[in-house]
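Noted in TrEMBL for the protein shown:
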| type | residues | note |
| --- | --- | --- |
| DOMAIN | 36-165 | domain 'tRNAHis guanylyltransferase catalytic' |
| BINDING | 59, 106 | Mg(2+) 2 binding site |
| BINDING | 59, 60, 61, 62, 63, 64, 105, 106 | GTP binding site |
| BINDING | 59, 60, 106 | Mg(2+) 1 binding site |
| DOMAIN | 168-282 | domain 'Thg1 C-terminal' |
Ligand SMILES: Nc1nc2c(ncn2[C@@H]2O[C@H](COP(=O)(O)OP(=O)(O)OP(=O)(O)O)[C@@H](O)[C@H]2O)c(=O)[nH]1
Ligand SMILES: [Mg+2]
Ligand SMILES: [Mg+2]
């Protein structure tokens with residue numbers, strides 16, 4: 001910015017030269033800024049407690065209706081589950097410090113490592129980044145999974161942040177979500193088998209299942225429909241666990257030293273990629289096979 005500055009030349013001739021006057025505006029805008037800046041103090045501090053695992057759980061908004069309107073298969077739609085996993089993979093690949101995530105139905109939980117300092121551990125930043133990356137991926141990759149089914153309206157996902165201070169707490173959290181997956185999937189499998197194969201109405205199927213235990217549901221499936229629940233697809237019974245895996249990759253590289261002919265050499269490099277598992281995470285086996293996911297409780 002320049003402003004006219006009058007000055008007198010020899011011989012009494014008046015003229016103007018241009019001098020920078022930006023400083024005038026800067027100081028007034030600085031005053032204005034300081035006058036308004038107090039509003040910043042209205043922001044609440046939502047820094048997550050140190051040393052805790054930070055879990056962000058997303059859940060589809062009103063997916064009961066969304067599934068109906070987009071003709072999801074009952075009880076499980078593999079296109080929908082695939083799209084959820086693809087969106088979660090995009091979250092893990094694009095955001096830092098997520099060590100494991102677990103999903104089933106219309107939900108996904110993302111676990112940030114306990115030493116993470118991403119976005120200074122601010123809960124709202126972490127949650128909104130996860131939710132927006134997930135939602136936009138869900139829409140972006142929709143066509144890859146639902147080829148003939150148009151997306152009729154933009155889906156939404158709610159999010160929450162929960163902190164877990166110990167490895168036991170975190171494992172119990174993941175176990176809780178997987179137990180939820182099992183309970184719902186067993187119920188839904190029997191319910192829709194009674195309707196689709198047994199010819200019951202939804203009300204009749206609901207009445208039939210009232211007060212039944214897991215063993216009763218398994219028995220209905222086995223004795224009436226010849227279905228062994230334990231042989232149903234693992235992705236439906238156990239949900240999806242995403243973790244980072246190391247991949248050894250051998251590639252050919254041309255190397256050329258000065259004044260020498262080029263040479264082809266084999267180079268082995270380690271790449272990280274997100275691997276999907278449909279296994280039990282409640283018992284010890286998974287954690288013994290992947291000892292690097294959890295950090296030491298005593299650090
Ligand atoms: N048919 C079908 N429905 C599914 C599938 N996955 C999720 N859903 C639907 O999504 C719902 C998810 O349940 P909730 O998250 O508890 O309920 P919601 O309707 O999303 O409601 P809010 O989460 O409270 O907004 C299920 O009850 C199903 O109706 C699927 O693979 N097939
Ligand atoms: Mg939901
Ligand atoms: Mg849900």
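Cβ atoms here come from the backbone N, Cα and C positions, even for glycine.
Structural mapping of features recorded in TrEMBL.
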| residue | record | Cβ contacts under 8 Å, 6 or more apart |
| --- | --- | --- |
| 59 | Mg(2+) 2 binding site | 106, 107, 157, 158, 159 |
| 60 | GTP binding site | 66, 106, 107, 155, 156, 157 |
| 61 | GTP binding site | 155, 156, 157, 158 |
| 62 | GTP binding site | none |
| 63 | GTP binding site | 105, 106, 155 |
| 64 | GTP binding site | none |
Residues near the GTP site, 59, 60, 61, 62, 63, 64, 105, 106 excluded, by Cβ within 8 Å of the Cβ center? 66, 67, 107, 157
State the mean pLDDT for the domain 'tRNAHis guanylyltransferase catalytic' (36-165). 97
Binding-site residues close to ligand 3 - of 59, 61, 62, 105, 106, only those whose C-beta is under 6 Å away: 59, 105, 106
If you check the binding-site residues 62, 64, 105 one by one, which have a CB less than 6 Å away from any atom of ligand 2? none
Among all the protein chains here, how many other CB atoms are within 10 A of the CB of residue 106 (Mg(2+) 2 binding site)? 20
Should residue 60 (GTP binding site) be counted as helix, strand, or coil on the basis of DSSP? strand
Secondary structure tally of the domain 'tRNAHis guanylyltransferase catalytic' (36-165) (DSSP, helix then strand then coil): 57 helix, 31 strand, 42 coil
